[in-house]
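Taken straight from TrEMBL:
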TRANSMEM  52-72  transmembrane segment
TRANSMEM  497-516  transmembrane segment
TRANSMEM  528-550  transmembrane segment
TRANSMEM  632-652  transmembrane segment
TRANSMEM  664-685  transmembrane segment
TRANSMEM  709-729  transmembrane segment
TRANSMEM  771-786  transmembrane segment
TRANSMEM  871-892  transmembrane segment
TRANSMEM  912-930  transmembrane segment
TRANSMEM  951-973  transmembrane segment
Amino acid sequence: MSKDDIPIALCDEHIEQTSARPSTHQDDRTRGEATKRRVTQFKKFHALNGTLFFALCVIHVVGIFFFTKGFLLTRLILDHKSTCDAPPVNVSRTNGDSSTVEGCWYPRKFNKAVIIVIDALRYDFTVPFLPSEIDKEARQFHNAFPILYDTAKTMPKNAFLLPFIADPPTTTLSRLKGLTTGTLPTFIDAGSNFAGTAIEEDNLLAQMRNLGKTIVHLGDDTWQSLFPGYFHENLSHPYDSFNVWDLYTVDNGVTSHLMPLLKSHNGTQWDYIFAHFLGVDHAGHRYGPDHPAMNDKLQEMNNVILHIMEAIDDTTLLVVLGDHGMDSKGDHGGESDKEVEAALWLYSTRPVFGRTHADFVLPPVNAKIRPIRQIDLVSTLSLLLGLPIPFNNIGAPIEEAFSQRNGPEWRALATVNQIAVHQIHKYQAKYSEARNLNLDPDPHQNALYESALSLLELDVTTTKNDEARFKEAYLALRQYEDAVLSLYRQLWANFNVGDMAVGVIILTGGLVYLSAFSAWKPKMNACILIPSNLWSGLAVFFSISQSAGFASNSYTIHEDSILLFFLTTFGLISCTSSLRQSEVSDRQLGTMQSIFFTLLTRAASFSRLCREEQMPGCKSTFYASSNSSTSAPWQVFLPFIIAILLPAFIKARYKGTASYFGPAGFWLGFCFRVGLLLIAIYWVLDAADNGGWLQQAVSFETLKKASLTASRCAIVIAAFVGSITIAQAKPCIDVSLARQKPIEGQVGDNTRQAKPAVIILGYANVHGKRYLLLLPIFILLVSVLLPPMGQFSMAICACQILCLLEILDTNGLTISMSTSSGATTAIGPTILAILGSFHFFKTGHQATLASIQWNAAFVPFRTITYPWSPILIILNSFGPQILCAAAVPLTVLWKRPISKNPGWMEEVLRDVMWAMLAHVSYYAIIQLATTMWAGHLRRHLMLYRVFMPRYLMSSALLVVIDVVLLVVAWGVVRINTLSIGEVMGY
């Protein structure tokens, strides 16, 4: 039988086509050349549009750069250094006190110092628990580290304990800069927390080195990057600081090397030791403060300090401090009270400390009483150790360190503050000169300064009246120091408004370019930002109303609730619209999917991680408790449920259009399910490790190897197998031959054999179902990095994407500008953007630095591994937005009919590009709004706590979405279209 006799039935619904006439060699060659021309034209069209979209990305990056350059605060670093032979004021370097010896600017009390940094040592970790309305019972972090408080209470002449307030941002690197230079940080220091550069300005360690002292460093390797070449090579032992899952390696290493150095026969090998313990910080990051692991680490630190106290001699100063605190989940980076409230404890075997008032003998019961600034430590240590105060220091000496042990000696306090004030005065003059500030003298500051100097000019024998005079001078000097500090806080909060304005103009130009790009096409005269129908108006309303709300700090704080309202509103409107459809099938399917979409939105809202500003009206459910960073035991079952239900849900969507063929069965039915199962196994092993379930049966190393293997296998399945599937897969269709039944009543020979027909299953959604194979890749990559509740949210997000696609199809909202059945509305891409933003909050994130889940970097690795660790953090942080951005082309491809138009491939690209522009417009509008509001509210009290983090988040997210749309969505659409054209014809 010849080909002419074979009709072709194209199914889902047995669509019949008659075959063409027999082809000749010449016809085949002509068709081949035509096909080649179409493919070449398609690739050029794809490259041109990709280039134009890349230009939009560049505009976004340049605009963000200029605004950030003017917005993130910086200060000028002066090259001036303090020297021992040039004191700011001449005072006696010795006195009759046998406890002091000759110093540099002031008689030193100690020859040596052991400075212990316990990372994230919050002040309430060190004081006895007192019941309150919030905490009625002691938690794991209470009463586990009593040695500091007990010593300061029973031996007030030998030790004192005070709240030690950090300046935000509370990242380790920026805090170490402040603790060694005595200067205020700028917010941009937080951005370099992973790549610290050497401190070039004058600092405490530089002064030690300049005097020929031997400095030893143990612990956190951040010190090595900040002070390269400062430390004794053979005695120093740095350790990797970013493996937050390791609670023991660093601390055990520090202790094992520290204790031998403190033995008397090794006393001549060193002058100053800096030992930085990380276990408390890592316990907070991994488990949260209210966990037995935190109790164990604090007790361990208690014992370590006790042993150090027993080992040092009477010429050695022991300092224990926290560089910052931690929030209720164990994270830090922002400026909440718990994040900035660290502890400081100084101890000597000799009674050299004192108090200025009897009420100050006992340590404060909380961090709100008698706090001191962290920058005050630099001048304090400098004078106690007989070192010059670093030139850039603007901190003041700590009162308790210089009060006489038998009571306050105001002369000593006045003298040390006189030295500090004169140094600050020199710095102020040089900084003003370097910046050409021409600051007008502050009459109040000048009056304080002159008053203090006049009181200190006379050098007479100390009497009661002289003590009163020195007290008055001391108080005047402290007021002057506070006034100068306030001045520099304002001065270093000066923004470069010119650069900020340039950034805003460029970002606004990006929106104009985006709008013009969306309208500049044949048959594409639909500007995204100008509503053409009710649905388009709804999309613009969602974007604009949310942007306007960022002017309010309360709106920004409760952004997740606003997004919940938007999604619920869309679900109700789409349900109403579906009920009005003429086709019964569309009416039923659209209504059902709208209801399901709304119910899933409400279900996702039960996953919640509250930020501090939402307390106490918000209850966290993401972890086991609001004070934990681990999952509850019942949450461990969620990944297994997801591994069973999610592949089945997606498979049902393929079965619905008879598309579960070809690569769909292997990738979705086997690989995807195995990947989810491996993820579930990983998080069970993680929970077993956290809870100590298997510690008697399996070693820690074996458990770690098993969990690493499970996570790595899941990532390989997603990245390797998934990528090959996307690149090589044919359309999800099934082609078979069948005999046509004779038409009843047909005139002719009834004995003639029935003609065969070609049956193609999956034809109705050939575009969408092949592209849908991409989404499981991102579901796996993101889910393996998220705790169980985060996986729960990601699974709901994936289901909502599929529901949304059906809603768009049944309501005629699938983007298609070349067919009458399609629409030109941005509602689909916009709802995807809102959906991704909503699930950002439901996966345990907030627009705060402290909510970054650093643990994600160590899911498949033991240590920081570049460039993969930053990529893992991005996937963890912005996983829902990335998944939704990758799904944007489906708003065009879902159930898109095969076109007979020779230019159908360009039509697909045109529609997909419009959808991409609609999607990115949401993020561009949000980013521009947060930029403008952050700039406008730059003097707002909540700038650093609310507005700046939201600006940084929207800027980073816009760049990430640009990259995902250009590289992933646009690239896979090219592969998808060529694959379909190869089978269906170009």
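Backbone N, Cα and C atoms are what each Cβ position is placed from, and that goes for glycine too.
Residues 639, 642, 646, 650, 653-654, 663-664, 667-668, 672, 675-676, 678-679, 682, 711, 714-715, 717-719, 722-723, 725-726, 729, 732, 793-795, 798, 801, 843-844, 853, 856, 859-860, 872, 875-876, 879-880, 882-883, 886-887, 889-890, 893, 968, 972-973, 976 of the same chain, all 6+ positions outside the transmembrane segment (771-786), place their C-beta atoms under 8 angstroms from a C-beta of that stretch.
Between the transmembrane segment (528-550) and the listed ranges 632-652, 709-729, 912-930, 951-973, the one holding the most Cβ pairs under 8 Å is 912-930.
Between the transmembrane segment (912-930) and the stretches 52-72, 497-516, 632-652, 951-973, the greatest number of Cβ pairs separated by less than 8 Å involves 951-973. Annotation: stretch 52-72 has the most Cβ pairs under 8 Å to the transmembrane segment (497-516), among 52-72, 871-892, 951-973.
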